[in-house]
Amino acid sequence: MTLGAVASLILAIGGAAVFSALHKIEEGHVGVYYRGGALLTATSGPGFHLMLPFITTFKSVQTTLQTDEVKNVPCGTGGGVMIYFDRIEVVNYLVPSAVYGIVRNFTADYDKALIFNKVHHELNQFCSVHTLQDVYIGLFDQIDENLKLTLQEDLTSMAPGLIIQAVRVTKPNIPESIRRNYELMESERTKLLIAAQTQKVVEKEAETERKKAVIEAEKVAQVAEIKFGQKVMEKETEKKISQIEDSAYLARQKAKADAEFYSAQRAAEANKLKLTPEYLQLMKFKAIAANSKIYFGSEIPHMFMDSGPGSSSSAASKAIDVLSEGMLDLE
């Protein structure tokens with residue numbers, strides 16, 4: 001063997017050793033190492049790392065969220081009917097500090113022992129104590145939450161650091177004849193719910209109309225009450241105005257009557273003071289003086305009457321007095 005061949009062999013072995021020693025850990029993973037089949041306590045984070053070639057191996061363990069799918073899980077109900085869950089998804093993640101302990105106890109494929117097998121066991125436990133009606137319809141909406149809580153409770157004691165984030169369970173497959181019956185039953189149930197909701201809507205609309213009618217009636221009653229109150233106030237105002245006008249009219253009439261009475265009283269008092277014997281005598285003389293016919297002679301008293309035979313002077317004097325009184329009345 002030539003020196004060049006030996007050098008090439010050494011370089012090839014060295015290159016293979018370097019290639020075997022250098023490895024990469026992806027982000028979101030933790031590297032665990034085995035030497036001679038024994039798990040080493042050392043772990044590594046993301047990046048490039050070196051290890052002893054040929055005698056040391058590594059495995060990358062994911063610590064971010066991952067979804068484990070458990071497929072075609074058989075489940076026997078309490079009534080003896082066999083059903084199958086097509087797919088159950090378990091969303092979980094591993095705390096990086098717990099990687100070494102979980103890998104040591106359950107290997108790097110820990111999800112098979114802690115998740116897959118546990119899901120099979122818990123589902124069969126659930127189905128065995130419930131009827132098909134409960135599993136398929138009645139309690140189906142609770143299966144995922146109950147399964148999550150049960151898994152997490154067991155993992156907390158068995159493998160602390162493995163966290164169950166969510167569990168999703170698909171509708172189980174049941175025998176075709178039973179499925180058709182359930183579909184018919186669900187259809188009738190849906191129709192019943194629709195009818196019930198329709199009835200509630202009708203009742204709600206009727207109640208709304210009734211409330212609207214009550215509100216409208218109350219509104220009309222309030223408006224009528226307000227108008228009635230306005231009319232009453234108007235009538236009371238008119239009554240007060242009429243009373244005031246009547247009082248004013250009575251006051252005016254009373255004042256007028258009092259004034260007329262006072263005027264008549266004062267005139268009577270004035271006439272009483274005025275009509276003295278002397279004043280009457282004076283007025284008689286004025287009346288005589290105002291007469292345009294004046295007679296001279298001894299027969300003056302006869303100027304007020306016909307000068308017939310047998311007339312006396314006393315009659316003439318009375319006629320003069322009457323004439324004087326008539327003149328006073330004219331004044």
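Glycine is no exception: its Cβ is also placed from the backbone N, Cα and C atoms.
Taken straight from Swiss-Prot:
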- 4-23: transmembrane segment (TRANSMEM)
- 24-331: topological domain 'Lumenal' (TOPO_DOM)
- Asn105: N-linked glycosylation site (CARBOHYD)
- Express the predicted model's confidence over the topological domain 'Lumenal' (24-331) as a mean pLDDT, rounded to an integer. 83
- Relative to the Cβ of Asn105 (N-linked glycosylation site), which residues of the same chain, six or more apart in sequence, are found under 8 Å away? Ala159
